[in-house]
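A.B. asks: TrEMBL feature annotations, pasted as is:
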COMPBIAS  271-296  compositional bias 'Polar residues'
DOMAIN    59-384  domain 'G-protein coupled receptors family 1 profile'
REGION    256-298  region 'Disordered'
TRANSMEM  45-68  transmembrane segment
TRANSMEM  80-104  transmembrane segment
TRANSMEM  124-145  transmembrane segment
TRANSMEM  166-183  transmembrane segment
TRANSMEM  203-227  transmembrane segment
TRANSMEM  323-345  transmembrane segment
TRANSMEM  365-384  transmembrane segment
Amino acid sequence: MLSIADDSQGMMLVAEFFRLLQEDNVEDDSMISTLTETQDKALSILPIFSGLLSMWGSYNIIAMYCSSDPTKRNNVYQRIMLGLSASDMLASFVLTLHPFMIPAATSQRAYASGTDATCSAMGFFQQLAFAEVWYNGMLSFFFLWKIKYSMSHEQMARREPWMHSLAIGFNLITATIGAALGMYGELVVGHFCWFTGTMGTYFAYFCAAAPFAFFMVAICVNNLLIYNHVRKSLQQQQQQQQTTTSSAVIVPLSNASSSNNHHHHDPAAATRTSTAESVAGESSATSADSGNSVFSNEEVREQQREAARLAYQKQRQQERLRAIAIQASLYVGSFLLTHLPTFIIRITSAIVGLSPSNEGQFFPLLLIQAILLPLQGLFNYLIYSRPLPYWREAL
């Protein structure tokens, strides 16, 4: 009896094993990527070239900062760019390694040669490199405070420690929590290791999706506020220039008119009867007229010089303001160009249900992501090194 019971139990275990194996095969079939081998390899190789260019650009920004004069380094803008470049170097480096650090035992990617440990490490550094998004947001707020609210260096220096603490501290803490709780694994779409599983997905919403959405909206809104402020300032400058030009024409004419009226109605000169007194009076009147004329002309010239000086200062200030606003807009364009494809992919994955089974249909979008996502460091360097003395002086 005992033997029959044991045999029956063993057969049930074998049947259960094959049932589970069949379910796993069905699940695996539904999770097979529809990318061709060439497409899969392209998505793995292209980020290497983009990442190297981005790291080169970020390295140049860091080198320019370190080799600059110490007085110029004592600047909030320069230190934000230093933090942005350092986090971008990390992000670009991680993005070039992702396709090769995916676990080879479980992944279907062409160049997967890693382990669970390497995948977890990539997930940790990927989350830490998310500080790049935070620094983009901090840079946007810096330009808003500088242009629209005219904050001084001292005022922004008091806010700077909070910027660096939030950008680095938040992502370091969340990356550590993810590693400690074993949340990292290979994503079902894309060649990445990051938060996976139910708990990991909800945690990703908190520590990545929500901050990313906030900063994307904030960056766009801040740039619109800056644009509107600069547009109004330029309109006011044009109106002031027209008023100043009109005043410069009216003031000399009024001064000359009052001077002539004063000399033609001199009662003392009319009452002099003596020849000597007349000669003396004429001589003194001539000297007085000459002196007053010289004084009036000199006064007019001084007023004109002062008006020209003030107009030049205002024009230079507006040129600086406009140059800084253009610089801010270029950084916004760099951020949106490199991060919008990833944002669209994540939204599509959440709404449409992007999965490996329909991954091939979205290959063009995945290809754009592979090329652009690691490139922000290069774009930032091209923007940062623009030869514009006006905005460099203003910052």
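All residue numbers here begin at 1 and follow the chain in the order shown.
Glycine is no exception: its Cβ is also placed from the backbone N, Cα and C atoms.
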A.B. asks: In the predicted model, what is the mean pLDDT computed over the domain 'G-protein coupled receptors family 1 profile' (59-384)?
C.D. replies: 84
A.B. asks: Please indicate, using numbers and ranges, the residues of the same chain that are 6 or more beyond the transmembrane segment (80-104) and have a C-beta under 8 Å from a C-beta there.
C.D. replies: 43-44, 47-48, 50-52, 54-55, 58-59, 61-62, 65, 111-116, 118-119, 121-122, 125-126, 128-132, 135-136, 138-139, 142, 160, 163-164, 167-168, 186, 191-193, 373-374, 376-377, 380, 384
